[in-house]
Amino acid sequence: MTILFISDLHLSPLRPDITDCFIDFMQNEAIHAEKLYVLGDLFEFWIGDDDNSPFNVSIKNEFKALTEKGVKCYFIQGNRDFLLNKRFCKETGVELLDDHTVIELDGEKVLIMHGDTLCIDDIKYQEFRAKVHKPWLQWVFNRIPLFIRQRIVKNVQDKIKEKKQTKTLCIMDVTQSEVERVMQEEGVQRLIHGHTHRPDTHTFMSNNKEMTRIVLGDWYSQGSILEYSDKIYSLHKKEFK
């Protein structure tokens with residue numbers, strides 16, 4: 001049994017190198033897996049399931065081809081693609097999961113998430129997240145003409161880049177106390193997440209129990225894949241061609 005986890009690809013027409021690496025991964029690696037979990041930020045920005053640009057359609061086709069061949073695909077929304085929803089899933093065969101989802105791997109309960117909710121020291125981001133996740137606001141946004149949404153998102157992207165330059169690295173990382181709280185709340189000793197772009201495996205003690213936190217990498221300069229097989233977790237790099 002092989003299960004794969006990826007996140008933070010930030011797919012965009014402006015980065016064909018990332019897209020090519022992703023397509024190669026889907027067609028030559030994911031095809032041999034039992035399941036594929038995408039833990040958010042698949043896209044640089046997703047402005048709605050009605051955006052059928054040639055680029056978006058090409059990515060959807062990769063997922064559709066994979067699910068039609070029997071590979072189960074699951075998706076957790078990230079901070080860049082939280083508007084990806086039911087229509088995308090219907091068109092691709094992907095199953096949308098809750099922000100915090102507990103899965104079972106060979107009898108062990110494992111919590112999976114995007115990871116942005118763990119960065120509670122970044123107060124301004126958490127306030128922004130709470131606003132944009134309001135159902136009524138998303139309902140209104142999805143009914144704005146597509147070309148206007150594209151302009152809005154472009155402005156938001158520019159502001160995000162400006163703010164990131166002024167934030168310290170520790171603020172953009174997870175808060176350890178929140179990690180422990182969430183893991184205890186969900187009753188797990190293993191957590192897998194993305195968002196921070198810092199691939200690593202962390203072990204620590206909490207309430208006299210050994211906990212493990214696995215962080216997925218981003219795809220900015222190379223692909224990053226977590227493979228689970230024979231009860232072993234392995235983080236792999238995938239070089240761009």
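Glycine is treated like the rest: Cβ placed from N, Cα and C.
Model, not experiment: these values are computed from the prediction.
Of the residues Asp17, Asp20, Asp24, Asp41, Swiss-Prot places Asp41 in the same Mn(2+) 2 site as Asn79, His114, His195.
Mn(2+) 1 binds Asp8, His10, Asp41 as Swiss-Prot records it, and from the list His193, His197, His202 the residue named for this site is His197. Here His197 (Mn(2+) 1 binding site) comes close to Asp8, Gly217, Asp218, Tyr220: these same-chain residues lie at least six apart in sequence, with C-beta atoms under 8 angstroms from its C-beta. Comparing Cβ neighbour counts within 10 Å across the binding-site residues His10, Arg80, His114, His195, the minimum falls on His10. Closest to Asp41 (Mn(2+) 1 binding site) by Cα-Cα distance, out of the binding-site residues Arg80, His114, Asp122, is Arg80.
In this structure, of the binding-site residues Asp8, Asp41, Asp122, the smallest number of CB atoms within 10 A of the CB marks Asp122. Around Asn79 (Mn(2+) 2 binding site), the same-chain residues six or more apart in sequence whose CB sits under 8 Å from its CB are Gly40, Asp41, His114, Asp116, Tyr125, Arg129, His195, listed in sequence order.
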